[in-house]
């Protein structure tokens, strides 16, 4: 029993280990593609964000360069186009011959970091009032013209292209038979026809007149002909008369033994036996199957 319990315990442990291994392998097979897809999605999103940041920085840097290139002296006054305009004058600078003149411009410095985007500007002023329309809003309908008289017909135009072919018309009624023509020339003789069927048997001929038969003279002896083919085998001959009996043959081998005969009648009953000895009861039984008796014997 203890050995069987150990086998069951080891079997349970082995099955559990195999089951956990299969579950772990399936989990890895399912998790790895999901992690790969997530990492690929994050990488693609980061690349899009970096490209967007680069484009924004490039746009900001372009606007900064445009602001630097604007001339500060040419400033347009505000409220231009209203009641009063303010003309901005350029700053007057006095000349000085004895002053030190600035040197040549140095090399361009490294571009600075892009600044933060500015705050949205204040809303603009209302626009100027629009001009009145040059044309009326409702279209003016001119009076209808009087109908002119019909002019003379023009010259005929060139013939048009030929139309498509029409469908087949209905079949006409059969015409009258023509007059028979003149007989034609004799044609060449045709090929020989197939042989005709055999004719009916003719009438039997008349019997020849009876005349005495006169034998003719014998002709010369001819050369001997070739040997003819062998003839058909002849009919088998009749059976002959039976012969005289032959001498006595040797003795044959002994035959197989015959089958057993029928069982005999039962014999008479024997004399009754004597009285048997007294039985001996076993004293105890051993574990290995032996039996011990009171007289010390073992069976």
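Positions of Cβ are set from backbone N, Cα and C atoms, glycine also.
Per Swiss-Prot, the feature signal peptide maps to 1-27; the stated evidence is sequence analysis. Non-local neighbours of the signal peptide (1-27) in the same chain are absent; no residue 6+ outside the stretch has a CB under 8 Å from one of its CB atoms.
According to Swiss-Prot, the feature region 'Triple-helical region' maps to 103-132 (among others).
Taken from Swiss-Prot, the feature region 'Disordered' covers 107-278.
Per Swiss-Prot, compositional bias 'Pro residues' is recorded for 129-161 (among others).
Taking H, G and I as helix, E and B as strand and the rest as coil, DSSP gives the region 'Triple-helical region' (151-177) the counts 0 helix, 0 strand, 27 coil. Residues annotated as region 'Triple-helical region' in Swiss-Prot: 151-177 (among others).
Taken from Swiss-Prot, the feature compositional bias 'Gly residues' covers 163-172.
Non-local neighbours of the compositional bias 'Low complexity' (173-197) in the same chain are absent; no residue 6+ outside the stretch has a CB under 8 Å from one of its CB atoms. Taken from Swiss-Prot, the feature compositional bias 'Low complexity' covers 173-197 (among others).
Annotation source Swiss-Prot lists region 'Triple-helical region' at 181-202 (among others).
Taken from Swiss-Prot, the feature compositional bias 'Pro residues' applies to 215-233 (among others). Only residues 6 or more beyond the boundaries of the compositional bias 'Pro residues' (215-233), in the same chain, are considered here, and none has a CB under 8 A from a CB of the stretch.
Annotation comment: Swiss-Prot describes 216-278 (among others) as region 'Triple-helical region'. Taking the region 'Triple-helical region' (216-278) as a whole, pLDDT averages 79 in the prediction.
Residues or ranges marked as compositional bias 'Low complexity' in Swiss-Prot: 250-268 (among others).
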